[in-house]
Amino acid sequence: MPPILSHIPHPSDFPPHTPSLPYHVNLSGTLRALLPVAEAHPGTDAARLLLLRPKEAAVPGDAALRYVTSRTMPLSSATSHMDKLRTMPVKWFHTAMLFHLVPGEYEVLPAHAIPRHIARPPYASARSDAELRAYYAQPCANAEVKSTRQIAAMRAAARVAANCLRHCMDATREGITAEDVDRIGHQFIVDSGAYPAGVGFHGFPKAICISVNEVACHGIPDTRPFKRGDVVSYDCTVFHDGVFGDCAGTAIVGEAPQDAATLVRAAKECVDKAVEAVAPGVEFAKLAELVTSHAASFGFAVVREFGGHFIGHLMHMPPMVQFRHPSSTPGTMQAGQVFTIEPIICQGDPEVYTWDDGWTIATCDGGLCAQFEHTVLVTDSGCEVLTVPSG
């Protein structure tokens, strides 16, 4: 599960009206200002509104939108569009703008049962808010070098995560739902004697992060059936013997459209190139240079807001590892360090925003995303990929 490296726009960031900006819209809540666009451009092909983080905002926290022409949406009938906007704003916006998904359209079921004998991470036990805050904020070693015992435990946890990912990938087919796959992954994890680490982590409601199409990461499994051509990313994290294992992969439902197949191949190659570069003495920032360059060679981009992380007795340990160049991740690699390599690669503009559920991160322009992830151990001569499935 990738950590957040910087602020991501959320519905609460947007004021009801800000006169100094031309267009204002809450992409995942009530749309407030596609009306001026429709009125200003009747009879033309308008594109989409792309939400951006403020870059030159005079007041911190201001949000800006820019009007771009990357995808067309006919606005020939301003009245018709305004009527639809008023009556069903979220669904209308996502449909008209050629998005694949509508936030909140499908049901999210409760997490599946976890047997009592499964050892839980501290955040999954009944605790007060103060105890949870202390757990998440606890200090830990920066760029920790693991002991032999810790490495052995992490190999085992990583293997459970990798085997879970394989089950999820194998289950991907037209008509199955993300809820179904979450159940499969959840059951495999507990059958392996591990805890499905997604459940309860900062309040996440399910075992597996399942991110479909324009969802970059942290997708919550729901009852939407997979459709042919969907791009589905699975992020599987487990807690086993006191440590976490973490990995991710992307599958395409049915026959792969060429653009989706190219994106998934590029995302996998980005991780492979980064893994090949891991060795003692290599600067962490080198990984971002390699990943960004390789993604760009396909015409794709890297989502800046999410990256990798050191991992051990906590899921997210410092430093966080950036994959978009230039990177501010400090330091060089040392033997015994364990961290994740998990860039998110996307079509189009890499700007993202948060759905109202507080978790789902999606591209603002509806571009597809793909992600692969390995947990790696720096060795004396290079690295060992820990997230390799059995057999």
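The backbone N, Cα and C atoms fix where each Cβ goes, and this holds for glycine too.
Computed from a predicted structure; not experimentally measured.
The annotation substrate binding site is assigned in TrEMBL to HIS218, HIS316. Over all protein chains present, the Cβ of HIS218 (substrate binding site) has 23 other Cβ atoms lying within 10 Å.
Positions annotated as divalent metal cation 1 binding site by TrEMBL: ASP235, ASP246, GLU373. When other Cβ atoms within 10 Å of the Cβ of ASP246 (divalent metal cation 1 binding site) are tallied across all protein chains shown, the result is 30.
Annotated divalent metal cation 2 binding site per TrEMBL: ASP246, HIS309, GLU342, GLU373, in sequence order.
Across the residues of the domain 'Peptidase M24' (153-380), the predicted structure has a mean pLDDT of 97. As annotated by TrEMBL, domain 'Peptidase M24' applies to 153-380.
Secondary structure from DSSP puts HIS309 (divalent metal cation 2 binding site) in a beta strand.
Within 8 A of the CB centroid of the divalent metal cation 2 site residues ASP246, HIS309, GLU342, GLU373, the other residues of that chain are MET1, PRO2, ASP235, CYS247, ALA248, GLY308, ILE311, PHE339, THR340, ILE341, HIS374, THR375. For GLU373 (divalent metal cation 1 binding site), the binding-site residues whose C-alpha atoms fall inside a 10 Å radius of its own C-alpha are GLU342, out of HIS218, HIS309, HIS316, GLU342. Counting in whole angstrom, GLU342 (divalent metal cation 2 binding site) lies 13 from HIS218 (substrate binding site) by their C-alpha atoms.
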